[in-house]
Structures are given as structure tokens and as C-alpha cells.
Amino acid sequence: MYLNYFFLMIFMLLSVAFIVLYERKILGYIHIRKSVNKVGFIGLIQPLGDGIKLLFKESSLLKKSNILLFLMAPLMNFFLVMLMYMVLPYSGNMDWFNLSILFFLVLLSMNVLSIILIGWSSNSSYSFLSALRMVVQMISYEISLMFLLLSIMVSVESFSVLNLEMVQKYLWLVSCYMLLSVMIFVIFLAESNRVPFDFIEGESELVSGFNIEYGSGYFVLIFVAEYLSILFMCYMMVIFFMIGNLLSFYFYLKLIFLIYLYVLVRGSFPRFRYDKLLLMAWKIFLPLTLCLFMFFMFIIILIKI
């Protein structure tokens, strides 16, 4: 079992390099320009070169920063994201308890703490403001996400990923929960800080966001954790709404398509205003989510009667 996890983690880390290359290629086509194509065959070795260059960059410690938290916070962020992959049922014994969806939500909420520590410990105004923005953004959408996932879990009468696979053996849930799937996709965009919700990286306001004071390996940890989070969100979208067999070729086609949607949104939409993002969370998503939750509860009670 633990060997399975080890190989899963290795493949996930390797996949980050190819996701970055895939994203840069698609953005090149969207911008009608040549993308990465010089290093290796069609640029396949470019992510490896970029990673090695980043690792050997200079890493400096600020005099007034909280050094222990400054060094530990990126490790905590990376560790929490890696823990999320434990809910993926790649073999019968890997869905190791029947509350794996709740475990995912707990880790998602705990990840906010690591972002606060990254922004606060560096003792930089830009980092701290960026971390505050991200925390408010994540908390605003996590409430709606919890109710949306509860609607699905109550409908299938389980909090286990394995049961979701069994329920969707003959019919994908996306055919019954189209509105929920669109809302969860938008929330995942906000949770992973992608365009049009990347307010933590507003260059004219916050330079590069909460990671501005990090360099070398610590920046690599934050960068890899961000893309691992995006990959995991795509995994969860496929698992919730169109899972099938996790070891099949079609599952990974669906996964690649969702990553393509992430990149397409990045290349097509401008950044929203921050106040509009919060208004959408509290005045549109949350009331609609509560109405949907009560509707599904009402339907289930009627069926039980």
C-alpha cells in the first residue's frame, strides 16, 4: 500500500513538468505565436531545464522575517497538497476509509493556514496583503464548495471516492448535476488562484504575490504545490461527475480535457475586480448553493417516503 503511494507521488511530481509544458504550448496557440520548441524534441526538455535553473538560484533570508516559519511554511503547503492525493482510489485498498471526501475538504481548509504563514512570516507588506486576499477568497468559496459536495454526497449516500466510482458505472453524474458541475469548476478555479481569480498575483498591486520573497528550492516547492493542486482539482472534477475506471485511457483523456479548460480560461478571460469576486461568492454562489442543497434534500426525503 505505501509503495503504491510512493510511486503515485513520483508520477504526480513528474506530471507537473509536462502540465507546465502543455499550458505553455496551448497559450502559445491562443496568442498566435510560437511556444517552447527549442530545447529537445518540440521543447520536451524545457521544463527540466527551468526546474534545474530555479533550484540553483540564490535563496536569501530577510533580516526581519520569522526564519523558522519562513522556511517551514512552503514545506507545510507542499505536504498538505501531497496528502490530498491519498484519497485517489488507484487500488481497492487505497480508499483507506469511508470519509475520504471529508478528508479532502479538511486538507483544503488547512491549506489556508500554510498560505497565511507564508505571507506573514516573510514580514513583507506585499506578501502579507496577498496572503490575506487569498485567505478571504478561499474561505468565501469553501463554504459554497462544502454545500455543493454535500449535495452530491447526500444523493449518493456516501462520503467515499470508491462509492462514487460504483454509482457512475452506467451514468455520469454530470448528466444530473450540470449546474453543480459548472459551479464547482468555477470554485476550483478560485481555490487554485487561476485567471480570472488570480488576485494574489496582481502585478500592478502585489508584484508576484505571497511568494515574492522566496527563491531557489522554496519557490520551487510553492510552484509545484500550486500545479499539483490544479491537477488534483481536475482529478476531483472527473471523479465527482464522470469517473469511470481510473486505470482506463478514457479517464486520462477526460483529465487532459479539464486541464485544457483551465488553460483556455487563463488565455481567454481578463482578471476580475476583487470586490466582484467576493460579491459573486456571497450574493450569488452561497444563496444558490443553499437552495440547491435544500432541493436535493427535499427530493431524497420524498424518495425515502
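Just so you know, the numbers here start at 1 and follow the chain as drawn.
Glycine too: its Cβ is placed from the backbone N, Cα and C atoms.
Remember, TrEMBL labels are computer predictions, not curated facts.
As recorded in TrEMBL, the features of this protein are as follows:
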TRANSMEM  6-23  transmembrane segment
TRANSMEM  67-88  transmembrane segment
TRANSMEM  100-120  transmembrane segment
TRANSMEM  141-164  transmembrane segment
TRANSMEM  170-190  transmembrane segment
TRANSMEM  218-243  transmembrane segment
TRANSMEM  249-265  transmembrane segment
TRANSMEM  277-303  transmembrane segment
Are the transmembrane segment (277-303) and the transmembrane segment (67-88) near each other by the rule of at least 3 C-beta pairs under 8 angstroms (pairs 6 or more apart)?
no
Which residues of the same chain, at least 6 past either end of the transmembrane segment (277-303), have a Cβ under 8 Å from a Cβ in it?
136-137, 140-141, 143-144, 147-148, 150-151, 154-155, 179-180, 183, 186-187, 190, 197, 199
Checking distant contacts: for the transmembrane segment (170-190), what same-chain residues at least six beyond its ends satisfy Cβ-Cβ under 8 A?
137-138, 140-141, 144-145, 148-149, 151-152, 156, 164, 196-197, 233, 236-237, 240-243, 261-262, 265, 277, 281, 285, 288-289, 292
Same-chain residues at least 6 beyond the ends of the transmembrane segment (249-265) whose Cβ lies under 8 Å from its Cβ atoms:
19, 22-23, 26-27, 30, 185, 189, 192, 194-196, 230-231, 234-235, 237-238, 242-243
Go through the chain and flag residues at least 6 beyond the ends of the transmembrane segment (218-243) whose CB is under 8 A from any CB in it; none is fine as an answer.
12-13, 15-16, 19-20, 51, 54-55, 57, 59, 71, 74-75, 77-78, 81-82, 84-85, 88, 104, 111, 118, 149, 152, 161, 164-165, 168, 172-174, 177, 181, 184-185, 188, 191-194, 211, 251, 254-255, 258-259, 262
